[in-house]
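Undergrad: What follows is a single structure, and I will ask about it in a moment.
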Amino acid sequence: MDVTIQHPWFKRTLGPFYPSRLFDQFFGEGLFEYDLLPFLSSTISPYYRQSLFRTVLDSGISEVRSDRDKFVIFLDVKHFSPEDLTVKVQEDFVEIHGKHNERQDDHGYISREFHRRYRLPSNVDQSALSCSLSADGMLTFSGPKVQSGLDAGHSERAIPVSREEKPSSAPSS
């Protein structure tokens, strides 16, 4: 007779609230301080996982702001140089792609690649879009909004990434 053995409900992972670390965005980075706190994992459960909210704040998640006057995207790309990044506007979308070939770091050899796609609001002036990379690795994509009723100018074009020598003024989460 086959019997399925399951962990008690209080020791099971909470599915979408605690996804597998396999899909976390920090493949080439070391452990965080809270990953090294053994008393948490042993006192709560052998299956304890750090809060997803905490790991989201520490990862390279982007921030999108859209107010009355402008549209801005902040994206942490600290492992990429401007030459590794491609920013394109196509119709109502901005596509940001980053890729660098295999290189050596503190933990061995690593290559990274990402692709992000964001919908632009219909009233963003696509002829005035800009993109810059700060000294601390924060990519800032921005564009002013036009008055309603004016043509925002939809076309496909590449946006050059300029390098800034100062750190980003984007808020850290």
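All positions are counted from 1 along the displayed chain.
Any Cβ shown, glycine's included, is placed from N, Cα and C.
Pasting the feature list from Swiss-Prot:
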BINDING   HIS100, GLU102  Zn(2+) 1 binding site
BINDING   HIS107  Zn(2+) 2 binding site
MOD_RES   MET1  N-acetylmethionine
MOD_RES   GLN6  deamidated glutamine
MOD_RES   SER45  phosphoserine
MOD_RES   GLN50  deamidated glutamine
MOD_RES   LYS70  N6-acetyllysine
MOD_RES   GLN90  deamidated glutamine
MOD_RES   LYS99  N6-acetyllysine
MOD_RES   ASN101  deamidated asparagine
MOD_RES   SER122  phosphoserine
MOD_RES   ASN123  deamidated asparagine
MOD_RES   GLN147  deamidated glutamine
REGION    1-63  region 'Required for complex formation with BFSP1 and BFSP2'
REGION    145-173  region 'Disordered'
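Structural setting of the listed features?
TA: In the three-state DSSP scheme, HIS100 (Zn(2+) 1 binding site) is classed as strand. Proximity of HIS100 (Zn(2+) 1 binding site) to non-local residues of its own chain (separation of 6 or more, Cβ distance below 8 Å) is seen for HIS79, PHE80, SER81, ASP84, SER111, ARG112, GLU113, given in sequence order.
DSSP classifies HIS107 (Zn(2+) 2 binding site) as coil under the three-state reduction.
In the three-state DSSP scheme, LYS70 (N6-acetyllysine) is classed as strand. A sphere of 10 angstroms centred on the C-beta of LYS70 (N6-acetyllysine) encloses 14 other C-beta atoms.
Around the Cβ of LYS99 (N6-acetyllysine), the same chain contributes ASP84, SER111, ARG112, GLU113, PHE114, each under 8 angstroms and 6 or more positions distant in sequence.
In the shown protein chains, 8 other C-beta atoms lie within 10 A of the C-beta of ASN101 (deamidated asparagine).
SER122 (phosphoserine) counts 11 other C-beta atoms within 10 Å of its own C-beta, drawing on all protein chains shown.
For GLN147 (deamidated glutamine), the count of additional Cβ atoms within 10 Å of its Cβ stands at 7 [all protein chains shown].
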Undergrad: For LYS70 (N6-acetyllysine) and ASN123 (deamidated asparagine), what Cα-Cα distance in Å is obtained after rounding to a whole number?
TA: 9
Undergrad: Relative to the Cα of SER122 (phosphoserine), which of the recorded positions GLN90, ASN101, HIS107 has the closest Cα?
TA: GLN90
Undergrad: How does the model score the region 'Required for complex formation with BFSP1 and BFSP2' (1-63) in terms of mean pLDDT?
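TA: A mean pLDDT of 51 is what the model gives the region 'Required for complex formation with BFSP1 and BFSP2' (1-63).
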